Amino acid sequence: MKTTLSVIKADIGSLAGHHVVHPDTIAAANKILAEAKRNNIIIDYYITYVGDDLQLIMTHNRGELDMKVHETAWNAFKEATRIAKELGLYAAGQDLLSDSFSGNLRGMGPGIAEIEFEERPSEPVVIFMADKTEPGAYNLPLYKIFADPFNTAGLIIDPMMHEGYKFEVLDVYEGESITLNTPEESYDLLALIGTPSRYIVRRVYRKHDNLQAAVVSVERLNLIAGKYVGKDDPVMIIRAQHGLPALGEILEAFTIPYLVPGWMRGSHYGPLMPVSQKDARATRFDGPPRLIGLGFNIKNGKLVGPTDLFDDPAFDEVRRTAQLITDYIRRHGPFMPHRLEPQEMEYTTLPLVIEKLKGRFKKESDVYKAKHSIYSHEGSQE
Ligand SMILES: O=C(COP(=O)(O)O)[C@@H](O)[C@H](O)[C@H](O)COP(=O)(O)O
């Protein structure tokens, strides 16, 4: 029988601002998941958080997008929201865009990463969870892990990996997807995923046997809601070892605190800082964007672990570099390239401010007029 690993997350309200999940809301979600386990809807579960996002990690045999599993997650988020409201936590129920559950959670606000597989004799998985950024933030490490031999030695050395991997990329503006093969189509792949706000790596497969190796939650909240409702704060599952990238090759991709969009008001680029669970809280300028990584083994659907992967001095220098980048880029204040580009600011509250100034602009010669508005997607470079 196949096992499904479902990681479903939502911001249902947090303590002292968009900062950290409150333990009482975790306890509320725990009651619902414990009951689902007793009723054999799920086999096992683990609940955690990164910043203000509540993370439900569940195993079962029901496949992806299963109604009962998704309803369980929905009920857990609803119950946690009820407690968040009782405690007066900030932005209670923020990511629950709908009032009632209908079939599965797609398009309802929570982020979803699910993967169904035949368990190998030993099944190591890594779950990454980020706060104050968006799904395209995983494009860069996924490329490094599955396509860059300077990161992943196994691409050269291990015959099971040597043929390469297939990347399924979603265009979130057009609602289309494309699958590209590496290494032969690497440049085409990079041409797309170098624009991570639009082209998001959703799944990765090993080429020679189609084994699925990775999945990302691709929901972009603001595109779904049509307005700013917080950042998507994506999760990613990667299967490791024995013909897949080794744990250390997966973690190697996070040794540079690369710049991601998000941070304060979802409107700024900042370094993605890998931290331990105890530091998974947004502080400086509501950030900097944080990433945690938990490692598990899955045996007959049971979750063995976790191990807190960035709780390690080997990542101290990465964090220090992230602080230096933070200091440097913060000095740009409201100026690009710290602040996001206009197309992305469209989903924040900035257009309301600009709208107010509209009547005060005076007509000038057409020489100064561009063919397209910078706030319109039409005719843009993307
Ligand atoms: O990005 C943020 C929240 O995103 P998140 O909830 O983590 O998805 C924060 O920086 C807020 O935008 C900021 O704290 C202002 O919040 P409000 O006062 O507008 O709620």
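Sequential numbering from 1, following the chain as shown.
From the backbone N, Cα and C atoms, a Cβ is placed for every residue, glycine too.
Straight from TrEMBL, the features:
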- Asp11, His18, Asp52, Gln94: Mg(2+) 1 binding site (BINDING)
- Asp11: active site, proton acceptor (ACT_SITE)
- His18, Lys132, Arg265, Asp286: dihydroxyacetone phosphate binding site (BINDING)
- His18, Tyr90, Gly103, Asn104, Lys132, Gln241, His242, Arg265, Asp286, Tyr347: beta-D-fructose 1,6-bisphosphate binding site (BINDING)
- Asp52, Asp53, Asp131, Asp233: Mg(2+) 2 binding site (BINDING)
- Tyr228: active site, proton donor/acceptor (ACT_SITE)
- Lys231, Asp232, Asp233: Mg(2+) 3 binding site (BINDING)
- Lys231: active site, schiff-base intermediate with DHAP (ACT_SITE)
- Asp232: Mg(2+) 4 binding site (BINDING)
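Feature annotations (TrEMBL) mapped to structure.
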residue : record                                        : contacts (Cβ under 8 Å, 6+ apart)
Asp11   : Mg(2+) 1 binding site                         : His18, Asp52, Asp53, Leu54, Ala91, Gln94, Asp95, Gly230, Asp233
Gly103  : beta-D-fructose 1,6-bisphosphate binding site : Met67, His70
Asp131  : Mg(2+) 2 binding site                         : Val50, Gly51, Asp52, Asp53, Lys231, Asp233, Ala280, Ala282, Pro289, Arg290
Lys132  : dihydroxyacetone phosphate binding site       : His18, Gly51, Lys231, Asp233, Gly262, Trp263, Gly266, Gly270, Ala282, Asp286, Gly287, Pro288, Pro289, Arg290
Tyr228  : active site, proton donor/acceptor            : Asn222, Arg265, Gly266, Tyr347, Thr348, Thr349
Asp232  : Mg(2+) 3 binding site                         : Gly111, Thr133, Glu134, Pro135, Ser217, Glu219, Arg220, Leu221, Asn222
His242  : beta-D-fructose 1,6-bisphosphate binding site : Arg120, Ser122, Met160
Around the dihydroxyacetone phosphate site formed by His18, Lys132, Arg265, Asp286, list the extra residues of the same chain whose Cβ is within 8 Å of the site's Cβ centroid. Gly230, Lys231, Gly262, Trp263, Met264, Gly266, Ala282, Phe285, Gly287
Other residues near the Mg(2+) 1 site, CB within 8 A of the CB centroid of Asp11, His18, Asp52, Gln94? Ile12, Gly13, Ser14, Gly51, Asp53, Tyr90, Ala91, Asp95, Gly230
For Asp131 (Mg(2+) 2 binding site), the three-state DSSP class is strand
Across every protein chain in view, the count of C-beta atoms other than its own within 10 A of the C-beta of Asp53 (Mg(2+) 2 binding site) is 31
Which residue among the binding-site residues Lys231, Arg265 has the fewest other Cβ atoms within 10 Å of its Cβ, if you could check? Arg265
Near ligand 1, which of the binding-site residues show up if the criterion is a Cβ under 6 Å from one of its atoms? Options: Asp53, Gly103, His242. none
Could you tell me which three-state DSSP class Asp233 (Mg(2+) 2 binding site) falls into? coil
Taking DSSP three-state, what's Asp53 (Mg(2+) 2 binding site) in: helix, strand or coil? strand
Give the helix, strand or coil assignment DSSP yields for His18 (Mg(2+) 1 binding site). coil
Note on Mg(2+) 2: the CB centroid of Asp52, Asp53, Asp131, Asp233 has further same-chain residues inside 8 Å, namely Lys9, Asp11, His18, Tyr49, Val50, Gly51, Met129, Ala130, Lys132, Gly230, Lys231, Ala282
